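Student: Let me begin by handing over the structure; questions about it come next.
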Amino acid sequence: MTATINQPGDTALQVPILSARGLVKTFGRVIGLDGVDLDLFPGEVLAVIGDNGAGKSTLIKCLTGALIPDAGQLTLEQAPITFRGPQDARAAGIETVYQTLAVAPALDIASNLYLGREERRPGLLGNVFRMLDHRGMRDRAAAAVRELGIQTIQNIQQTVETLSGGQRQAVAVARAAAFGSKVVVLDEPTAALGVKESNQVLDMIKGLRERGLPVILISHNMPHVWEVADRIHIQRLGRCAGVITPDSHTMTEGVAIMTGAANLEDNTST
Amino acid sequence: MTVQSATPGAAAKELARREHTTSQRIQHLLHQHPALSPAIILLLTVVCFTIVNSRFSNPAALSLLVQQTAVVAALAVGQTLIILTAGIDLSVGAIAILSMMVTATLAAENGWPAGLALAAGLVLGLAAGVLNGLLVTRIGLPPFIVTLGTLSIFTALALLYSGGQSIQNNRLPALLNWTGEGFAIGRFRVTTGVLIVIGLYVVVGFALSQTSWGRHVYAVGDDPEAARLSGVRSRRVLFSVYAVAGLIYGIAGWTLIGRAGAASPNAIVDANLESITAVVIGGTSLFGGRGGLLGTLLGALIVQAFTIGLSLAGVDAQYRLLAVGVLVIVAVSVDQWIRKVRS
């Protein structure tokens, strides 16, 4: 009953790039996810909102390989897929920007962009001596940062600890978007930021959509969600309470569904 | 200028654009080049001791300085790797001694060929490192506790195995004494042991700065969870660091035979603290993720320069301990200050 309903007309015809069917995840007696469906369509920003304990993080962790669901099926580009860990999800093209940002403060921006997927020099130096292609990685990192329209980062060799919160977020997003990824998942990207920096991050999310990269955005900040999201997936008590759009529902109605003060059927049937 | 400052907000912009103060510039410079502060300290040390006693900087004294530094410098390579991952190794000396005693005993008492005995000692060093690594990464014990325990275990094993007896170099095959063999480069005297240690610095330094493994060692020390989420196999990297360090301690044990002219289970009792001192004075942060081998080499040289310099100056040897203690405190304070750097 509470599964995904009333897709907006334009997305109903499209094929989802990532979808989940009947995801279940329990922690002992605690039910984290109780049969959740989710669809992410190409080039859209899908927001996931929900109260604390509604299962948003559990849902996202199942989508990004950080948790393994007890039941249910994930499909990426119409092919069934399972993840044993975050590396698998990453290898499949699902990039996650964690709330903690997962950047190494003492390393420079270029090293952080390539952390875990460093590139070696061609030929003998790379194959035998395993020498890294420092200059190449630096140049490509600079290009990736430029391409995303991040003007605030001047020097790609700056260490991350010297950057502001917004700039660090920009580095994390650049890393997620820079490597031919298929899906970018952002977990509370504006939670720790000021107004100006939040706007920069929102602009970056819009930039990702313009480049055709689908984004899943987890956020507590309703104005931010209503500003950038194409569709909004509402989690409540381990289930999906419905999927709405910023046009079909106001922020107040969205929060009402999220907290259980209203439910989607009531709102849409009238 | 005057027109700009008339517009609102221009004052703040002017202030933001003002030049860095001298102290900020120094902070930045030290932040970018962690080996700079030990280099300056070493230079000052050499200059000061030369002024006090000109014999300090003659080739014979400098050669002695380098030879006396070699063993601690070798141990400090492994210690640097472990401190870069925000760990600490108290079993450095114990592993080196155990490895050395097994090599020497197999060769002198059990008649093993020198090469085989040496290989067995090195493998034992590696195995000791592997044990430390397993306890840290699999059971999840803090490195301090693990190596405090293995310090006692390996020391006891070395004493039990050797019966507490030293083996003089006249009973050892040439290969094991080879590290003590000296030759002249100009007016300086170098031993093969010194060359082996320099080789260690070159190889491990290359791995740290030029390979993904090196990047990952820094990343794991910086923030292990962030490294893991970035796709670095943190536990595997951490384990490899302890294993490599064990092998390095084994090599250090070999150079110790040459330096001491014997294999003695009671040698280098201060090695643990001396190696940590060298790393810390060398500018590597005890909090992990920051520093490097060049600093460690300079740090090890500084400690020995104090020893030789103070004895040439005719000062009570206890002052050396005092000076090194002050240096450690200063080095860690400087590290704390540098970490507060902002762009």
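Yeah, the Cβs are placed from backbone N, Cα and C, and that goes for glycine too.
Okay, these came from TrEMBL:
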- B:35-52: transmembrane segment (TRANSMEM)
- B:64-83: transmembrane segment (TRANSMEM)
- B:114-137: transmembrane segment (TRANSMEM)
- B:144-164: transmembrane segment (TRANSMEM)
- B:184-208: transmembrane segment (TRANSMEM)
- B:237-257: transmembrane segment (TRANSMEM)
- B:294-313: transmembrane segment (TRANSMEM)
- B:319-338: transmembrane segment (TRANSMEM)
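Help me see these features in their spatial surroundings.
Tutor: Here the transmembrane segment (B:35-52) has long-range neighbours at 29, 281-283, 292, 294-295, 298-299, 301-302, 305-306, 308-309, 312-313, 327, 331, 334, meaning same-chain residues at least 6 beyond its ends whose C-beta is under 8 angstroms from one of its own.
Away from its own ends, the transmembrane segment (B:64-83) comes close to residues 89, 92-93, 96, 129, 143, 188-191, 193-194, 196-197, 200-201, 204, 208, 217, 221, 241-242, 244-246, 248-249, 251-252, 255-256, 259, 268, 271, 274-276, 278-280, 282, 284-286, 288, 291-293, 296-297, 299-301, 303-305, 307-308 of its chain (Cβ-Cβ under 8 Å, at least six residues beyond either end).
Taking Cβ pairs closer than 8 Å, the transmembrane segment (B:114-137) reaches residues 78, 87, 89, 91, 95-96, 98-100, 102-104, 106-107, 143, 146-147, 150, 154, 173-176, 235-236, 238-251, 253-254 in its own chain, all 6 or more past its ends.
Panel annotation: around the transmembrane segment (B:144-164), residues 87-91, 93-95, 97-98, 101-102, 104-105, 128, 131-132, 135-136, 263, 265-266, 272 of the same chain, lying at least six beyond its termini, place a Cβ under 8 Å from a Cβ of the stretch.
Packing against the transmembrane segment (B:184-208) from elsewhere in the chain are residues 59-60, 62-63, 66-67, 70-71, 73-74, 77, 81, 84, 178, 214, 217-218, 244, 248, 251-252, 254-255, 258-259, 292-294, 297: each is 6 or more residues past its ends and has a CB under 8 Å from a CB in it.
If one looks beyond the transmembrane segment (B:237-257) by at least 6 residues along the same chain, the residues whose Cβ comes under 8 Å of a Cβ in the stretch are 70-71, 74-75, 77-79, 81-82, 84-85, 87, 89, 92, 95-100, 103-104, 118, 121-130, 132-134, 136-137, 169, 172, 176-177, 179-180, 193, 196-197, 200, 204, 213, 216-217, 220, 224, 227, 263, 267-268.
Note on the transmembrane segment (B:319-338): residues 27, 30-31, 34, 37-38, 41, 277, 280-283, 285-286, 290, 299, 302-303, 306-307, 310-311 of its chain, located 6 or more positions outside it, place their CB under 8 angstroms from a CB of the stretch.
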Student: Using a Cβ-Cβ cut-off of under 8 Å, list the residues of the same chain that are 6+ residues beyond the ends of the transmembrane segment (B:294-313) and lie near it.
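Tutor: Those are 34-35, 38-39, 41-42, 45-46, 48-49, 52-53, 55-56, 61, 64-66, 68-69, 72-73, 76-77, 79-80, 201, 205, 274, 277-284, 319-320, 323-324, 327, 331, in sequence order.
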